[in-house]
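As written in Swiss-Prot, here are the features:
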ACT_SITE  GLU100  active site, proton donor
BINDING   GLU60, HIS98, CYS128, CYS131  Zn(2+) binding site
DOMAIN    64-169  domain 'CMP/dCMP-type deaminase'
REGION    1-25  region 'Disordered'
Amino acid sequence: MAQKEEAAAATEAASQNGEDLENLDDPEKLKELIELPPFEIVTGERLPANFFKFQFRNVEYSSGRNKTFLCYVVEAQGKGGQVQASRGYLEDEHAAAHAEEAFFNTILPAFDPALRYNVTWYVSSSPCAACADRIIKTLSKTKNLRLLILVGRLFMWEELEIQDALKKLKEAGCKLRIMKPQDFEYVWQNFVEQEEGESKAFQPWEDIQENFLYYEEKLADILK
């Protein structure tokens, strides 16, 4: 009975995550799906320190980093000059939809035409082609939105589809930058929940500057 319930739960999880339902007779595949939680978008004000240290690290080969972490700052300014500011982070879990799309669905689902929006994202990796397309469409119909995206790594930058998507982002008015060591420190101070007894000072990893320069050069070559 328990196995049937687990199989039913796995079927539902597979459906939500876009898995092939024909493979559920495979015991190993079934075990994998049972262990896979349903898709969800996690939101909050501060992310755990161990998540930041692993997911945001600007390594050249991002093996195992199959989530997107997006920290955001939203500043909405009215005609009188008053600024309403908010910040937080999103994390996608086993998702077909990504954190970039979730931002526009949950954090800023609508834009007040009387306000000017300045939005800054600090993202663990650059957008995929589908997310870039969503961003471009949002920018094209929202003239009072300015978006700056700072990324720790470039996602699959060798692929022509990704390169074209990044170029189109620039053409749409989106500012795209690689995170400098100072940007990682800013995220650490403002978006990370430091562990008890841990130093609140940001401790840069050994190759942080070298990897920043590596990705900065790649992005410049793509966008030139």
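Even glycines carry a Cβ here, placed using N, Cα and C.
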Checklist entry - Nearest to GLU100 (active site, proton donor) by Cα distance: which of the binding-site residues GLU60, CYS128, CYS131 is it? => result CYS131
Item to check | Chain-internal residues near GLU60 (Zn(2+) binding site), provided their CB is under 8 angstroms and they sit 6+ positions away | outcome: ASN211, TYR214
Checklist entry - Over the domain 'CMP/dCMP-type deaminase' (64-169), what is the model's mean pLDDT? => result 90
Checklist entry - What does DSSP give as the helix, strand and coil breakdown of the domain 'CMP/dCMP-type deaminase' (64-169)? => result 32 helix, 39 strand, 35 coil
Checklist outcome for this item: Cβ-Cβ distance under 8 Å, sequence separation of 6 or more, same chain as HIS98 (Zn(2+) binding site); the residues meeting this, in order, are THR68, ASP92, PRO127, CYS128, ALA130, CYS131
Checklist entry - Using a 10 Å radius around each Cβ and counting other Cβ atoms from all shown chains, which of the binding-site residues CYS128, CYS131 yields the largest count? => result CYS131
